[in-house]
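What TrEMBL records for A:141-143, A:206-211, A:Glu227, A:283-285, A:Asn330, A:His339 is NAD(+) binding site. Residues or ranges marked as domain 'S-adenosyl-L-homocysteine hydrolase NAD binding' in TrEMBL: A:175-336.
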Protein chains: 4
Amino acid sequence: MNKGREKIEWVKRNMPVLSEIKERFKEKKPLEGHKIGMALHVEPKTANLVETLRDGGAEIAITGCNPLSTQDDVSKYLDNEKGIRSYAKRGVNTEEYYEAIDNVLDFHPDITIDDGADLVFRLHSERPNQIDEIIGGSEETTTGVKRLESMESDNALKYPIIAVNDTPMKRHFDNVHGTGESTLSAIMATTNLQISGKNIVVAGYGYCSSGVAKKAKALGARVTVTEVKPRKALEAVMDGYEVKKMEKAIQKADIVVTATGNKNVIGREELKKINNGAVLANSGHFNVEIDLEAAEDLANNVKEIREGIKKYELSDDRNFYVLAEGRLVNLAAPLGFGHPIEVMDLSFSIQALSVQHLAKNPELQPGVKKVPQKIDEKVAEIKLKTMDIEIDELTSEQKDYLTSWKSGT
Amino acid sequence: MNKGREKIEWVKRNMPVLSEIKERFKEKKPLEGHKIGMALHVEPKTANLVETLRDGGAEIAITGCNPLSTQDDVSKYLDNEKGIRSYAKRGVNTEEYYEAIDNVLDFHPDITIDDGADLVFRLHSERPNQIDEIIGGSEETTTGVKRLESMESDNALKYPIIAVNDTPMKRHFDNVHGTGESTLSAIMATTNLQISGKNIVVAGYGYCSSGVAKKAKALGARVTVTEVKPRKALEAVMDGYEVKKMEKAIQKADIVVTATGNKNVIGREELKKINNGAVLANSGHFNVEIDLEAAEDLANNVKEIREGIKKYELSDDRNFYVLAEGRLVNLAAPLGFGHPIEVMDLSFSIQALSVQHLAKNPELQPGVKKVPQKIDEKVAEIKLKTMDIEIDELTSEQKDYLTSWKSGT
Amino acid sequence: MNKGREKIEWVKRNMPVLSEIKERFKEKKPLEGHKIGMALHVEPKTANLVETLRDGGAEIAITGCNPLSTQDDVSKYLDNEKGIRSYAKRGVNTEEYYEAIDNVLDFHPDITIDDGADLVFRLHSERPNQIDEIIGGSEETTTGVKRLESMESDNALKYPIIAVNDTPMKRHFDNVHGTGESTLSAIMATTNLQISGKNIVVAGYGYCSSGVAKKAKALGARVTVTEVKPRKALEAVMDGYEVKKMEKAIQKADIVVTATGNKNVIGREELKKINNGAVLANSGHFNVEIDLEAAEDLANNVKEIREGIKKYELSDDRNFYVLAEGRLVNLAAPLGFGHPIEVMDLSFSIQALSVQHLAKNPELQPGVKKVPQKIDEKVAEIKLKTMDIEIDELTSEQKDYLTSWKSGT
Amino acid sequence: MNKGREKIEWVKRNMPVLSEIKERFKEKKPLEGHKIGMALHVEPKTANLVETLRDGGAEIAITGCNPLSTQDDVSKYLDNEKGIRSYAKRGVNTEEYYEAIDNVLDFHPDITIDDGADLVFRLHSERPNQIDEIIGGSEETTTGVKRLESMESDNALKYPIIAVNDTPMKRHFDNVHGTGESTLSAIMATTNLQISGKNIVVAGYGYCSSGVAKKAKALGARVTVTEVKPRKALEAVMDGYEVKKMEKAIQKADIVVTATGNKNVIGREELKKINNGAVLANSGHFNVEIDLEAAEDLANNVKEIREGIKKYELSDDRNFYVLAEGRLVNLAAPLGFGHPIEVMDLSFSIQALSVQHLAKNPELQPGVKKVPQKIDEKVAEIKLKTMDIEIDELTSEQKDYLTSWKSGT
């Protein structure tokens, strides 16, 4: 059995929501005539999304959205499939990375799907003339949405993009549970270290980072949170976390996980104060959260001492360790397998329905768009159905009550 | 020492944020010349808010917002204070309840503060001619905000009201932690029953109800959640709860807590199927969530068997128990003390600053208004300061990064 | 309805295991002819045990085991019951306390039941001539068992006493869950303070104290544990707690709970370093864990500022608060209702069966005895049955496997 | 760098307790002249124990204790080290497995170290004449200790063996946290499935299984426990778990984990009722907990569909999946890395000190022996020291109080 295909079979079994959508797509062909350009983590779950879109009638060109997250057997499998070409390769340098993105753009897609907005950015900066060919796009991740919002407020965003990341179904499941579980699972598998009893510092208390904090604490770690927003900081306090500045927290940290979407969250000054032996991992989209330049600079010696673990030796005999070169650890670590399959089932189902929405509504105005409420709810409904979970329905009396305002004490 | 005053002293010690605001109010008198009509739970924490507003220069008339939640010694204490009159009494009937509200309206307030919107409703329905005297109001609770939104969409709301309930600082602390802890604390104190090992059913998975569910599970209960919204239901599943229809869940329930803001969440059909010996408590604002009429109807016999516990004996030898007559258990039960003091410190600080905002902006348009973002953040900041917690600040480099969109992979 | 009786009715409904034992006792009268002297917390749950023993044929004399934990209406109710006399009164001084114990001894019991061993101690020290009349006793609590073990190793213990406290069914339910929940419930009700977000220090990591720590953490507190045993300390670390010396921990504490069975756990030196505004509560049996003498000594002023809360004002403007005069807070606080009913159902069922065991085996040797394994298991079985929970049974093949040793890899 | 050595370097960095013991062993050579025969999981952490014993002066022969858990590069590395020979190989059949054990016995050890008691059993059954050469042994795991206890009660155990497994330091850290974390980590890595939201059934509520249950629940699973002992079952109920018979529980299970030490915990009847798509994993020592024979029998088709995942297709279209061929999943799965390093640091430190104890006390009587209390505590102390955690010490006044019995109420 083909290795890539085998991986995908297991994944499909565990993506019942997307399966149901795929069945409908096969029958109705809602994407007939569309060409979709994609830059996503090319791994088995993504392959299932790609096939779903293809089965819906689209032609696809795909590449990776991170130099280390592609699984080559999956990329090869996709490239051999009808209606799909894949340019993704693991371990590419920056030049090769953008070359592959250019290949996708050469395909002249009319819909884009991005995870981090590199495809959108390349298109806007290098191929402005192709923009008119595009009816819309969708974006998977927090970092990408933030980038698109910046583009929008600079009036630089020229077509409509649906912010899949920001829809409640994505935030509550993919970000909290998906990032939380997979980040810890990747750290455990890469280091074989224990979580319980550790001092773990989590940078940020947004959806992703609070998910990491919650799961780490649940496993028995003492978790300290760092934040820049007072309200989020206070939320962390009330949820039972220690809250400190990073420069304080890092002095006692056994493990630090960043997931803020910002750069240099662990910067030069923090690195100088680091606890001897600390392990640093990043769970944010880009490898900017740990200041690796400063790290190289401060270290006398840097070496890979175990797959996915680099040791930085400081001049004063302290060391620290960086996992997966500071890239998002749940995908880029040799033993990071990305988000759990069922989580991606939800996120990719939203992707598939969002692309269908774009195909049906080719005249949307440029800008960052919400996922239509109906799509978000639809995915929740299908998921509950596949789990055989029944919930209450409002009676008409209850509906009336909710819209009335005259009955009080 | 006067009993009411003594209670209030302890409360003040534990409301550092409101204390800081009160100091400023004393000095600046931002509410000079305003008359504030209030309908809130008249208990020690509320008294501290009333005094803060009075110290800010306002005159106050207050009554209760629930027939069972007033503490008479606190009401009396307030009524003796300069610039304050209180009409609140515990155990009033509906007529007396509205008579007291009318007393507050006779005072001709120009600002209203409500918890459940009974004051606003009375004003709109019985005293439309007074509406012009009002510059604005604020509303404390979910149920009240829902009611106001219904009024607004019927074009029936004639002045601006700030929805204190909906601001993040309220939702994450008051609703989740405040309702969660105080509901369980009131149930434990009233029944002396154990939480761990129990089958507890929580109706709803909004801010309040998810708080109850979380704390009950944390203490060792097996918690089942009922919901009407698929997304919320799925959230509960992923957070580790059983999710079922109420008619199923109630058959195995030891304790059921409602906190949905809707009526008849435990209706006649559910009561018919109830587990023998189940204890029912409501944590929503109004006593409509448990269908008490149906309960009376189904029961052969109803009697109070312990302070705050009524036993309903069914014809088939099954019984169930209702706490605090189905009114919100954390305030109306004889051993319910309302939300923890520190939680109300935050909510009432937002109230105080919202009232100041109304006084400064007398020309706001009618409608349900958000708490200004700055007020929400200000309260978080003061709270962190009083806890000696320092957090990170964005560097200018980081601020730039967050608004840039050109740096990608 | 009589107030004491009413309280007891509710309790009986929630003690199904003891009810089943009582039915059997009524029929078989296994305690016929025995006189039982008891010193327990005289509250409704205890009353149910007393009645069970009486229904088993015994005559009973009872008094309290703590000057503040008696509920007078319950004591009165018992005293009016046939075959029972009660000498317990709330708020007695030391002299009155021991006078009541002497009354129980004047009754010439042949079986004793103790909670803290005051009865046993009085008997051994003041009435050695009565010892021969005794066939055995049972002891409810950790502190009492430790005391008896010290007596035993001094060869001072002259009759057999069953250590109910040390049996697994007591430790895992009464100590962990019972003490845990009721301690927090009593603190919440007495202070109306919030648990989540607090720095709570728990002294000890035994069964009781780890229960308090677990529940406090579960509700959202940041919990620091202090210990004297390295292994217990390490257990706390691995379970996710901060572990520190008390003199360090108390400097940041919002609330401190002691439950060690030792004296001066918060001693003079610790009190000197106490965090301004800290609340101190004790959950151990005797009021020796907080050094109240040192507290009085260090304070310029001491006053009760709310029912159950004493404020100690230090010379440097710092204050701290002591709940329930340093007595076990879940019983001695005005709003402490003792352990949850269901927990006492288990512990008192073990008591009842242990007394039956003594009656059947009047020739046991002096010393501290374990609860017979069969009694411990019997109570677990009845409890599961009353909860309708079925569990697996070993097949004969599995039994063989467990005793075989020849099958390996 | 040699791959085996590299793996061991990382491990050593994270085993500070064993490092401290190794330093002392190097200097004092307490094992001079002893020959140690070992059957353990041959992976990097074990290698560090082997080196420590060798540095203490012993000669070593080692083999695996499970056909699938050996890491060949580590075995090779050890075999090249001075004073050590290793016969362990991954993927051996039963014959080869025992051949390797025979190689170790040919070496004529005077001390044995076992994990599962295969070495002890082989010695007793096949080489009784060698028994006189042995001064003692130690046993690592629950299953092995149970087996030895059966031997002892059959009078078949002919030399003293220290039950490392049963000492508190092992039970609370290795069994609860080590097995708990590593089992879930291995399942997540092998399947890429999500834990939160799953119905997970855990067979057993002993130290290992309760660890698995606790961590799974903490991550957001709904966990059902099966047990055969009423007391353990009730403990699980009070800790918030659903408790059911396996034949009921398996009908709704998404994942089942066994860790009971017994056979056919998931037997033929349970397999017949299995939930379609369920994933079965074993975390007990031997591959007998899931009845694989019955599984083969019931299935129309069995195939490996992903590394470490076998699919069993039933005739009625249902499937189930077995991980790692039913062997202990945290070691035998391709992505199982065994217990976390820090956990093994504690367990192997106890092993090292136990072996030293045997060497010092060559005249112990046959039988299963406890780890001396002093060793258990010593390891806790060193561990706390390496974590920079200071704890309280009893004052002499407190020591007196604990042994006194005269001070009461």
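The chain as shown is numbered from 1 upward.
The backbone N, Cα and C atoms fix where each Cβ goes, and this holds for glycine too.
A TrEMBL annotation is a machine prediction, not a hand-curated record.
Overlay of TrEMBL feature records on the structure.
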{"residue": "A:Thr141", "record": "NAD(+) binding site", "contacts (Cβ under 8 Å, 6+ apart)": "A:Asp115, A:Gly116, A:Asn165, A:His285"}
{"residue": "A:Thr143", "record": "NAD(+) binding site", "contacts (Cβ under 8 Å, 6+ apart)": "A:Gly116, A:Ala117, A:Gly261, A:Gly284, A:His285, A:Phe286"}
{"residue": "A:Tyr207", "record": "NAD(+) binding site", "contacts (Cβ under 8 Å, 6+ apart)": "A:Thr142, A:Arg171, A:His172, A:Asn175, A:Val176, A:Thr179"}
{"residue": "A:Ser209", "record": "NAD(+) binding site", "contacts (Cβ under 8 Å, 6+ apart)": "A:Val202, A:Ala203, A:Val225, A:Val257, A:Thr258, A:Ala259, A:Thr260, A:Ser283"}
{"residue": "A:Gly211", "record": "NAD(+) binding site", "contacts (Cβ under 8 Å, 6+ apart)": "A:Asn175, A:Val176, A:His177, A:Gly178, A:Thr179, A:Gly180, A:Glu181"}
{"residue": "A:His339", "record": "NAD(+) binding site", "contacts (Cβ under 8 Å, 6+ apart)": "A:Lys45, A:Asp174, A:Gly178, A:Thr179, A:Ser182, A:Asn330, A:Ser347"}
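In the three-state DSSP assignment, the secondary structure recorded for A:Thr143 (NAD(+) binding site) is helix. Looking at A:Ser283, A:His285, the binding-site residues in this record, the fewest other C-beta atoms within 10 angstroms of the C-beta turn up around A:His285.
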